[in-house]
Amino acid sequence: MKTFTQFESHELANTLIEKALGFKNNPLQSKDKGQGKRLGLIFLNPSLRTRVSTQLAATNLGVDSFVLNMDKESWALEMQDGALMNKNKVEHIKDAAAVLGGYFDMLAIRAFPTLTNKQEDTEDFIINQFIKYAGIPVISLESAIRHPLQSLADMVTIRENFKEKRKPKVVLTWAPHIKSIPHAVANSFSEWALGCGHELTITHPVGYELDEQFTKGATIEYDQKKALQDADFVYVKNWSAFNPYGKILKVDENWLLKENKLGTNAKAKIMHCLPVRRNLELSDEMLDGERSLVQVQAKNRIYAAQAVLDSML
Amino acid sequence: MKTFTQFESHELANTLIEKALGFKNNPLQSKDKGQGKRLGLIFLNPSLRTRVSTQLAATNLGVDSFVLNMDKESWALEMQDGALMNKNKVEHIKDAAAVLGGYFDMLAIRAFPTLTNKQEDTEDFIINQFIKYAGIPVISLESAIRHPLQSLADMVTIRENFKEKRKPKVVLTWAPHIKSIPHAVANSFSEWALGCGHELTITHPVGYELDEQFTKGATIEYDQKKALQDADFVYVKNWSAFNPYGKILKVDENWLLKENKLGTNAKAKIMHCLPVRRNLELSDEMLDGERSLVQVQAKNRIYAAQAVLDSML
Amino acid sequence: MKTFTQFESHELANTLIEKALGFKNNPLQSKDKGQGKRLGLIFLNPSLRTRVSTQLAATNLGVDSFVLNMDKESWALEMQDGALMNKNKVEHIKDAAAVLGGYFDMLAIRAFPTLTNKQEDTEDFIINQFIKYAGIPVISLESAIRHPLQSLADMVTIRENFKEKRKPKVVLTWAPHIKSIPHAVANSFSEWALGCGHELTITHPVGYELDEQFTKGATIEYDQKKALQDADFVYVKNWSAFNPYGKILKVDENWLLKENKLGTNAKAKIMHCLPVRRNLELSDEMLDGERSLVQVQAKNRIYAAQAVLDSML
């Protein structure tokens, strides 16, 4: 595996899910496999959970990891080919990525969208520039449009918590937020759930339609209550509008997910990638109750990352 | 030992002091004891000495350590149960602590007081919320009202430097400062010195009385010169007023500790937890002279942390 | 070797260059040599390449490394002896350096010049204060006036890429920039190139003369084109004026190095320490072409640091 930035195939997803479950059962089973290998973790945006879970995964495999925070303020990278660099950008992605490619055996990169340049974000420009110039295997720690390690952890969580023969019914429900949030988690969840053959319904207020390249095959249902009927898993997540790009249309607080919306559905499990805005996106009663899988998802981030790193070694 | 946040008993203190001295003599004597264990170091406030000494202690025991800076600005945690999170707080302590509790074997946390909410600080609210929700052993790297690793290092330093049969006479003397400083070091020093059976005198300008729960059993003496007579150890430290809470009453520069205040007392050793404001809290002549134990204290921070980690493993 | 802050002798330089080339060939040949040793990396100014390459070098030798960011804002150090510390400086270099000296086996320090106090910078005051008070071996990660690890990596790069018997002709050419840049890289490159017996020509606009203590023995040639004739290696670098100290006299964009300036010189290789301002200092065609050694230099930073650490162990 040279890059891990998106869903590739049901077969690969299956392999990674099984591998992750194996590591969860015995995290140190390959503790010397990565001896002498070095992973560079590049953050163009801040991270806590993603950074730590990936470092723990690396440590479980004997891989040394090194964190580089290249926030826009402190180490602004020029991304455009041919630029005359006489402004605030201190280094070109070409040079920075090549140096890092020479220093490490694998790179993992977080690069959020600007939410101001739809075309650049949609092309996943920044992470693709890194891949182009680094020349070594690259793992996405969330790009402009995808968050594949989160989605892999989510698929692991669904596999662990669904033992029936039939396809699970999965619902992705939009939730209110006060900030303009990227589409990456929602896009990837849809891409992976559909790719893994789950039955997916997406529900959101009119206007919050996601980019169709990620949702083709899902049922779109604007009535939240109706969408939630018979759900096995309910994934709660905010995202900003795709049209007009990156905008908050309205913080519709009625979309808060709370217990009474699930009616008589006793089996539905609740998922969220964290951090979650309590009582704005999801109610305390749900997060602290029996339905919640959010802590399981967070823990599975370690084993998802470990499965990916292991496949690259 | 499940938590290390305060003085517990003379017996435990003794065990930890002896263990620390053993590690000082042979730091790598248990270098594989912590193999495969992970320590998370959470900083809600910045740190250099505390972070590095704790990481060195972990390394001495073979424990992997991971630093998370969650400063108020970059990763603001909601601390109040039941809050509607529609403002600037990005994650609830409940969720963050539980995730970290799932990722690590032990957590160490620094959480300074706000100095604006006396009740919350006095209840040591933040660190207790972490303990409540993390579900794993927690070490205080300085909380709102205590700094137990510093005090343990201080007790180790006193043990090393006092070979007489009688109780040492220990003096805690207030020093001037230009900022509003927490009470944690002073509280803990008092708590540990008294708990370890030392004879403690506390001297400070009128108005700087500490919370009595930490000082019961100590002699309070407002005349600094009188307090210093016959001292074996003089601990120099600034703190803000407890009433009115967190205020600087007056920067009384006469309280600077300098050589001539010790008169004919040739034996007195000088202690300070660092960082120290030279010539405001303590004079150059004292810090650079024979009396100073400040570097010994700093070094003992490693072995104090190592004794605590070792007891938790 | 107790300190590594500047060029010492042709003999030592030779030893280090050969050692670095040996490590490049087999990075893990001494992977247990530094077991149990600890390196503190102190950054008074930000760093990416230097930090990572030094950490990788340490890891190659089994040395544990610990990074401390002591930026001026967050942990301001008082540098002046005898100061009354009643302003914004939180700790005196005396105390901080001594603590770090007690915690680590070796220190590596980055301390840029202020470019506002010529005398202090010229005396390399800050790093010398660290050396004075740390009491353990110290490596410069770029000081006010020198960047010796960069220069060692540059000498390694020249050695690797020049197989003739004669002395290589090396040209250091000033390049335009929009910021006021320190002299450290230029000074050190000149010091090492001359010390290693290379034939050195320095070319820059009138007014950008470097401190003569570093350039004695070099040819100064104000005509860039003439200077470049027959060059084997062309080192491109901006620096601010030495007189008036730290000023930008004029951003003379004609000094941009591009292919047509090399005329018929087919053999000349191009060097730069990175980060480089593309199309302001050096043209894309040169950086992306066959002449460029900039990625080789960056990679050699690891082995230069490893040679120095190895010599200190």
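Residue positions begin at 1 at the first shown residue.
Glycine is treated like the rest: Cβ placed from N, Cα and C.
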For the carbamoyl phosphate site that TrEMBL gives as B:Ser47, B:Leu48, B:Arg49, B:Thr50, B:Trp75, B:His147, B:Pro148, B:Leu149, B:Gln150, B:Cys273, B:Leu274, B:Arg301, the extra residue out of B:Arg110, B:Arg166 is B:Arg110
Listed alongside B:Glu142, B:Lys237, B:Arg277 for N(2)-succinyl-L-ornithine in TrEMBL, from B:His177, B:His198, is B:His177
DSSP says B:His147 (carbamoyl phosphate binding site), in three-state terms, is coil
Per DSSP (three-state), B:Lys237 (N(2)-succinyl-L-ornithine binding site) is strand
Within 10 A of the CB of B:Leu149 (carbamoyl phosphate binding site), the number of other CB atoms across every chain shown is 26
Cα-Cα, B:Arg277 (N(2)-succinyl-L-ornithine binding site) versus B:Leu149 (carbamoyl phosphate binding site), nearest Å, comes out at 21
From B:Arg49, B:Trp75, B:Leu149, B:Cys273, B:Arg301 (binding-site residues), the ones whose CA sits within 10 A of B:Glu142 (N(2)-succinyl-L-ornithine binding site) are B:Leu149
A correct count of other C-beta atoms within 10 Å of the C-beta of B:Ser47 (carbamoyl phosphate binding site) gives 19
Across the domain 'Aspartate/ornithine carbamoyltransferase Asp/Orn-binding' (B:185-311), DSSP yields 49 helix, 19 strand, 59 coil
When pLDDT is averaged across the domain 'Aspartate/ornithine carbamoyltransferase carbamoyl-P binding' (B:7-160), the result is 94
Going by C-beta under 8 A and a gap of 6 or more residues, the same-chain neighbours of B:Arg301 (carbamoyl phosphate binding site) are B:Arg49, B:Thr50, B:Ser53, B:Thr54, B:Leu149, B:Gln150, B:Ala153
Note: in the chain of B:Cys273 (carbamoyl phosphate binding site), residues six or more apart in sequence with C-beta under 8 angstroms of its C-beta are B:His147, B:Gln150, B:Asp154, B:Val185, B:Lys237, B:Gln297
Students should find that the Cβ of B:Arg277 (N(2)-succinyl-L-ornithine binding site) has, within 10 Å, a number of other Cβ atoms equal to 25
